[in-house]
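These features come from Swiss-Prot:
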type	residues	note
BINDING	ASP11, GLU13, ASP186	Mg(2+) binding site
BINDING	SER118, SER119, LYS161	substrate binding site
Amino acid sequence: MGDNYSTYLLDIEGTVCPISFVKETLFPYFTKKVPQLVQQDTRDSPVSNILSQFHIDDKEQLQAHILELVAKDVKDPILKQLQGYIWAQGYESGQIKAPVYADAIDFIKRKKRVFIYSSGSVKAQKLLFGYVQDPNAPAHDSLDLNSYIDGYFDINTSGKKTETQSYANILRDIGAKASEVLFLSDNPLELDAAAGVGIATGLASRPGNAPVPDGQKYQVYKDFETL
């Protein structure tokens, strides 16, 4: 089913890892760190440049604004930078490991051209794939899949995932024809946007994913073993 494609573009949550990972692990880790991060911020702190881009001087208001963005799951590029900074600390300390599906790990390792497209920042994507829970090893062991991935795209590099132009931008950047690419995601709006430039699409149907109305109009993949 996937042998006709030379290039694969993958979404992350709900596609290569459980959709719950972001909301039940990454978001809570971030929101727990925000108060201390904001209150202890100084002009020479590493995160000061990111926080200053919100243009909110009052620390209480800034903290409330950041937490509101998270609660509403707003795809704000400044928020994504800040999340990447905080999550880096979690990954590097061993507190966070990404539960990438075993079939997705195998898929990424065996396919020649694999690219990632997520609303999370490129930095956050590289962290996630750099600290993957090894399904065949003790809990403290992790895998680094970044060497198997050919490139990363986010809303800053390419645009919103629900806009067709974003996929045209990606095709340009990877130097591929639309007919050569298969895009896999759990979001039908993203699939429709990619199809708008002729990219083949597949709906990822993983445990915990929300039901998709008219899901029968998409090629459905419950795992990547058939690709």
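From the backbone N, Cα and C atoms, a Cβ is placed for every residue, glycine too.
Annotated features taken from Swiss-Prot, shown on the structure.
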| residue | record | Cβ neighbours (10 Å) |
| --- | --- | --- |
| ASP11 | Mg(2+) binding site | 21 |
| GLU13 | Mg(2+) binding site | 25 |
| SER118 | substrate binding site | 23 |
| SER119 | substrate binding site | 22 |
| LYS161 | substrate binding site | 23 |
| ASP186 | Mg(2+) binding site | 21 |
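The two recorded residues, ASP11 (Mg(2+) binding site) and SER118 (substrate binding site), show a Cα separation of 6 Å. Recorded residues LYS161 (substrate binding site) and GLU13 (Mg(2+) binding site) have their alpha carbons 13 Å apart, per Cα-Cα distance. Under the DSSP three-state reduction, SER119 (substrate binding site) is assigned to coil, being neither helix nor strand. Taking the centroid of the Cβ atoms of ASP11, GLU13, ASP186 as the Mg(2+) site, the other same-chain residues with Cβ within 8 Å of it are ILE12, GLY14, THR15, VAL16, ILE19, SER118, SER185, ASN187, ALA204, ASN209.
For the substrate site, whose annotated binding residues are SER118, SER119, LYS161, the maximal Cα to Cα separation is 8 Å. Each residue in ASP11, ILE12, LYS75, TYR117, GLY120, ASP154, ILE155, LYS160, GLU190 lies on the same chain as SER118, SER119, LYS161 and has a C-beta within 8 Å of the C-beta centroid of that substrate site, without being one of the site residues.
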